[in-house]
Amino acid sequence: MDVLSPGQGNNTTSPPAPFETGGNTTGISDVTFSYQVITSLLLGTLIFCAVLGNACVVAAIALERSLQNVANYLIGSLAVTDLMVSVLVLPMAALYQVLNKWTLGQVTCDLFIALDVLCCTSSILHLCAIALDRYWAITDPIDYVNKRTPRRAAALISLTWLIGFLISIPPMLGWRTPEDRSDPDACTISKDHGYTIYSTFGAFYIPLLLMLVLYGRIFRAARFRIRKTVKKVEKTGADTHHGASPAPQPKKSVNGESGSRNWRLGVESKAGGGLCANGAVRQGDDGAALEVIEVHRVGNSKEHLPLPSEAGPTPCAPASFERKNERNAEAKRKMALARERKTVKTLGIIMGTFILCWLPFFIVALVLPFCESSCHMPTLLGAIINWLGYSNSLLNPVIYAYFNKDFQNAFKKIIKCKFCRQ
């Protein structure tokens, strides 16, 4: 999507397609050789990195079984969409930028604009689909496990492409102005005011509002759970300080034996005294001591279950046990707060990158068609805004995949050709 067509008039395009600059624009129609070389190197590097990054994400999901789940299907579809932007749209946009004029003819121009709008809009809407999937997963985790199916992912993906088609096709069906094709050296999308509002709101402003609402609620839900964990830990620590050991909690183990159950007593009776061993015993409501047993279940999981003990009442935990639990409670509290900070950072990166890349373009896309005679857009600024939007297709795989440890392991396998050996 070109925000400003090189060296042209102050006519705009709707997102995400080329703009033209008007007579008030500062720029040159005849570019220098050094400009062409430098621009070619910069844009060529951006395109190469975008193709490589998105192709690696697609390959990782296709080759690594552990990555083949509904959440990653959406990320994989996003990578395919950004790969289409990188292969089908960016080369023509780069040529347009380097030559400072459109040289591929009107038919190719129409195809370029349609692909530009379709792929960039679908890419943005994929980010909404991922946000919606994450919102359902964190706010309704129990029920959504059964609803989170490949069919639902396919429906979300299909919806993103359908909306993209509904936004990209109208100019080809006549929703444009007579001036849109008046200059053979320029390639611009419809400057019709109605289409400008329709396309900018459908492709960006409504998705932006939806993402802000969804990620805002995701953050609130995550913060609520984290702080609930902190309060629970602090309450457990307070109970321990007053003489009662905390109730045993379920924990996982990888030592389970398939097809059988192993029962092991976590506390053993000692003659001549009460039971007190690393917090595995607590005073029951009926005064009886509770022993902890470990249950090894099929599926490599271990659970701790309290059972009444035949021993008598248990004395309070020793001071060393209290200090240990206080330290554990403080450590868990710090971990919970660190998780909250990480959540803020992650959501900030996701929304910050999206807004930084696309907001400048869509502000220009919405405003410029309504002030053609009075608005002034420097050519260089227009090019920066334009390619800032395109760069989102390069950054998406970094944000949604490369920060994920499972994807990192798959990428290492790809680099070391482990999949080839298999």
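One-based numbering along the chain as shown.
Glycine is treated like the rest: Cβ placed from N, Cα and C.
Disulfide annotation in Swiss-Prot: Cys187 is bonded to Cys109, selected among Cys109, Cys119, Cys120, Cys128. When the topology recorded in Swiss-Prot is consulted, Ser34 and Gly105 turn out to share a side of the membrane. Simply put, out of 39-59, 74-98, 108-132, 347-370, 108-132 has the most Cβ pairs sitting under 8 Å from the transmembrane segment (153-174).
Listed by sequence, the residues of this chain that lie at least six past the ends of the transmembrane segment (39-59) yet keep a Cβ under 8 A from its Cβ atoms are 75-76, 79-80, 82-83, 85-87, 90-91, 94, 97-98, 387, 390-391, 393-394, 396-398, 401-402, 407, 411, 414. Around Cys109 (disulfide bond), a 10 Å sphere centred on its CB holds 22 further CB atoms from the protein chains shown.
Its Cβ taken as reference, Asn404 (1D-myo-inositol 4-phosphate binding site) is surrounded by 18 other Cβ atoms within 10 Å in the chains shown. Among the recorded positions Cys109, Asp116, Cys120, Cys187, not one has a Cα within 10 Å of the Cα of Lys405 (1D-myo-inositol 4-phosphate binding site).
With a threshold of 8 Å between CB atoms, the same-chain residues lying at least 6 positions outside the transmembrane segment (74-98) that come near it are 1-2, 5-6, 18, 31, 36, 39-40, 43-44, 46-47, 50-51, 54-55, 57-58, 61-62, 104, 108, 112, 115-116, 119-120, 122-123, 126-127, 129-130, 133, 153, 156-157, 160, 187, 383, 386-387, 390, 392-394, 396-397, 400-401.
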